[in-house]
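To start, the structure itself, in structure tokens.
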Amino acid sequence: MTLWSLLGAFALFVYFRSSHHEHACDTVDGGYQCNSKLSHKWGQYAPYFSLSDESAISDEVPHDCQITFAQVISRHGARFPSAKKSKEYAKLVKSIKANATEYKGNTEFIRSYNYTMGADDLVPFGVNQMVNSGTKFYQRYAALAKKAVPFIRSSGSQRVVASGVNFVNGFQKAKSNDKNANHRQSSPKISVIISEEPGTNNTLNHSKICPKFEDSKLSDEVEEQFMAIFVPPIRARLEANLPGIQLQDTDVVNLMDICPFDTVSRSDDGSKLSPFCALFTQAEWSQYDYLQSLSKYYGYGAGNPLGPTQGVGFVNELIARLTHTPVVDNTSTNRTLDAPSAATFPLNYTMYADFTHDNGMIPFFFALGLYNGTAPLSLTQAQSPTEMDGYSATWTVPFGARTYVEMMQCRRDPEPLVRVLVNDRVVPLHGCPVDKLGRCRRRDFVKGLSFARSGGDWPQCYA
């Protein structure tokens with residue numbers, strides 16, 4: 001059986017289950033809302049949840065406007081830990097069980113806990129997330145989607161491709177249930193899968209083609225500095241409750257990591273909270289969330305001198321799609337795939353979907369200037385997403401994250417208007433005059449993207 005048939009069979013099986021089971025924790029509209037005081041502070045390991053209630057700007061489409069273009073860029077759904085991390089977590093649990101002479105307080109569960117998580121692949125909950133994501137994309141843009149077939153690309157990781165397959169499943173099921181849709185149209189499919197092999201030009205994922213960026217250790221250094229501030233009291237408490245063990249700062253963070261991974265792998269709707277979560281207080285989860293935000297900001301965002309540059313290629317592809325003109329870029333784009341008139345980069349579609357990783361999305365956000373209002377993050381004091389002007393790892397790149405770039409034509413303005421929503425939160429655009437609904441005229445939007453149009457700081461990759 002081929003990879004495609006296996007993915008399709010798995011998608012259909014999980015969709016059948018999800019369509020016949022009421023998901024109280026994870027819904028199409030709201031995303032993951034269970035245990036929100038904890039789960040909404042899990043950084044990039046949080047399952048997607050809607051930020052519509054956090055949006056200061058309405059996401060409405062005025063009655064005299066019509067959506068003419070919709071692009072989604074999405075992170076894959078919830079997964080097992082990476083192979084490297086899964087080994088670390090298993091080794092840590094085994095070490096605690098081998099050395100602890102007593103299990104005090106809420107650590108008793110560790111005595112009988114067996115680490116059974118796999119590595120890298122989507123978990124069933126993550127599959128359901130992506131089905132829901134496809135459904136939501138269709139529902140928001142139904143006026144367009146009922147008569148359109150999206151053009152879809154995916155970065156080459158198996159979990160990313162599988163996420164795209166399940167997104168398509170949700171999208172097409174919603175379309176088949178829409179009596180006003182064109183049911184003669186074919187189902188969407190992933191038309192382009194871009195390799196993640198090192199040295200490959202890939203606008204959806206940095207593939208080690210910018211040496212100076214890849215050599216940077218800034219994110220690791222920042223993480224170590226902040227861990228040294230908030231971890232020691234936690235470490236002392238855990239060691240007191242588990243006499244006989246000795247933990248490093250990274251061990252404490254790894255134990256915190258296990259909480260979200262264990263939760264999303266326990267059930268297909270995330271309804272069973274991992275017992276590891278209760279080892280830490282809400283205040284400590286806020287610190288953990290900030291640690292992850294620091295890591296992304298100084299690893300792939302504006303805190304890294306070459307972070308935003310890694311997202312320039314995708315921004316220039318977006319400009320091409322919005323303006324129906326060939327891609328102009330000399331950074332990470334694949335010149336063959338993006339060549340003028342190439343079937344692998346058409347410009348005549350009205351809907352597009354691209355699937356990637358968290359570390360592919362963060363550079364795009366900063367190259368697009370979405371968080372130009374975010375001041376450099378403190379290395380010593382945790383800040384809330386509001387204090388960071390809407391930025392945080394949890395608010396931007398949770399499992400199943402999705403960002404919509406939409407364009408609409410309004411009766412009173414000959415120029416189309418562009419708007420960006422990150423996990424349902426309308427993000428006020430920078431670099432162009434914005435109206436009360438967070439929209440810029442297309443020409444102003446493109447003009448404001450001078451950083452990307454000029455190639456960012458790409459020459460510094462080789463300096």
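Backbone N, Cα and C atoms are what each Cβ position is placed from, and that goes for glycine too.
In TrEMBL this protein carries:
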ACT_SITE  His76  active site, nucleophile
ACT_SITE  Asp358  active site, proton donor
DISULFID  Cys25-Cys34  disulfide bond
DISULFID  Cys65-Cys410  disulfide bond
DISULFID  Cys210-Cys461  disulfide bond
DISULFID  Cys259-Cys277  disulfide bond
DISULFID  Cys432-Cys440  disulfide bond
SIGNAL    1-21  signal peptide
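Mapped onto this structure are the features recorded in TrEMBL.
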| residue | record | Cβ within 10 Å |
| --- | --- | --- |
| Cys25 | disulfide bond | 22 |
| Cys34 | disulfide bond | 18 |
| Cys65 | disulfide bond | 18 |
| His76 | active site, nucleophile | 29 |
| Cys210 | disulfide bond | 21 |
| Cys277 | disulfide bond | 19 |
| Cys410 | disulfide bond | 16 |
| Cys432 | disulfide bond | 18 |
| Cys440 | disulfide bond | 24 |
| Cys461 | disulfide bond | 18 |
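In the three-state DSSP classification, Cys461 (disulfide bond) falls within a helix.
Taken residue by residue with DSSP, the residue listed as 'active site, nucleophile' is part of neither helix nor strand, so it is coil. If you compare Cα positions, Cys65 (disulfide bond) sits closest to Cys432 out of the recorded positions Cys34, Asp358, Cys432. If you take the C-beta of Asp358 (active site, proton donor) and look for same-chain residues 6 or more apart in sequence within under 8 angstroms, you find Gln44, Arg75, Lys296, Ala393, Val397, Ala401. Rounded to the nearest whole angstrom, the C-alpha distance between Cys210 (disulfide bond) and His76 (active site, nucleophile) is 24. Of all the disulfide-bonded residues listed here (Cys277, Cys410, Cys432, Cys440), Cys432 has the Cα closest to the Cα of Cys461 (disulfide bond). Calculated from their C-alpha atoms, the gap between His76 (active site, nucleophile) and Cys25 (disulfide bond) amounts to 19 Å. Shown in sequence order, Leu38, Trp42, Ser274, Phe276, Cys277, Leu279, Phe280 are the residues of the chain, 6+ apart in sequence, with a C-beta less than 8 angstroms from the C-beta of Cys259 (disulfide bond). Annotation note: Cys65 (disulfide bond) sits in a strand segment as assigned by DSSP. Each residue contributes its Cα atom, and for Cys432 (disulfide bond) and Cys34 (disulfide bond) these two points are 38 Å apart. A gap of 36 Å separates the Cα atoms of Cys25 (disulfide bond) and Cys440 (disulfide bond). Under the DSSP three-state reduction, Cys410 (disulfide bond) is assigned to strand. Secondary structure at Cys440 (disulfide bond), taken from DSSP and collapsed to helix, strand or coil, is strand. According to DSSP, Cys432 (disulfide bond) is assigned to coil rather than to any helix or strand. Between the C-alpha atoms of Cys440 (disulfide bond) and Cys34 (disulfide bond), the distance comes to 35 Å.
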